[in-house]
């Protein structure tokens, strides 16, 4: 067996220098350290950067309470239901909710009346009123209308009773909320 080398002389079993292994570990450690440094830099830059907040105008809304009629407000079988502001950014003037921004509005009417009433919603001069209730004591109605600047929302109530002076409202409220802010708003 002259062609076979003895095991000690085999090149595959020769000890390798430790320099290559140490060099590989050093390169891996440097790459890992650079990755960690890059992550820390990113986190530090974004945690100390001032946040830019978008400034949207407040959403137009109002919650009003339906009021009890006084004797001077109740002279006919048809009258405007008095409103009192409880909360919100919109205003009540002469028992009407004043619309300052163009857009779609959600109008919600809730309450219980002591006698049967028909309620229509008026919102623009020259336009037909929107009928909400027809001869009922309980109101739980929601409607979405396109309203514009200078519109005034008010409720007209009609009773079959000889006198509306006995009419009372329990837990009555009208809520008006702008659904799509960003359109034209009065300054």
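Positions of Cβ are set from backbone N, Cα and C atoms, glycine also.
The topological domain 'Cytoplasmic' annotation in Swiss-Prot covers 1-23 and rests on sequence analysis.
Sequence annotations record features per position, and here Swiss-Prot assigns transmembrane segment to 24-44 based on sequence analysis.
The topological domain 'Extracellular' annotation in Swiss-Prot covers 45-187 and rests on sequence analysis.
The average per-residue pLDDT of the prediction over the domain 'THD' (58-177) is 85, rounded to a whole number. If you look up Swiss-Prot, you'll see 58-177 marked as domain 'THD'.
If you look up Swiss-Prot, you'll see 74-164 (among others) marked as disulfide bond.
Here residue 94 (N-linked glycosylation site) comes close to no residue that lies at least six apart in sequence on the same chain with a C-beta under 8 angstroms from its C-beta. Mapped onto three states, the DSSP output places residue 94 (N-linked glycosylation site) in coil. Taken from Swiss-Prot, the feature N-linked glycosylation site covers 94 (among others).
According to Swiss-Prot, the disulfide bond annotation covers 101-185 (among others). Under DSSP, residue 185 (disulfide bond) is assigned to a strand (E or B) in the three-state scheme. Counting every protein chain shown, the Cβ of residue 185 (disulfide bond) has 15 other Cβ atoms within 10 Å.
What Swiss-Prot lists as N-linked glycosylation site is 156 (among others), and the listing cites sequence analysis. All protein chains considered, the CB of residue 156 (N-linked glycosylation site) has 16 other CB atoms within 10 Å.
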Those residues of the chain, 6+ apart, with a Cβ under 8 Å from that of residue 101 (disulfide bond): 60, 149, 178, 181, 183, 184, 185, 186
Residue 101 (disulfide bond) - helix vs strand vs coil (DSSP): strand
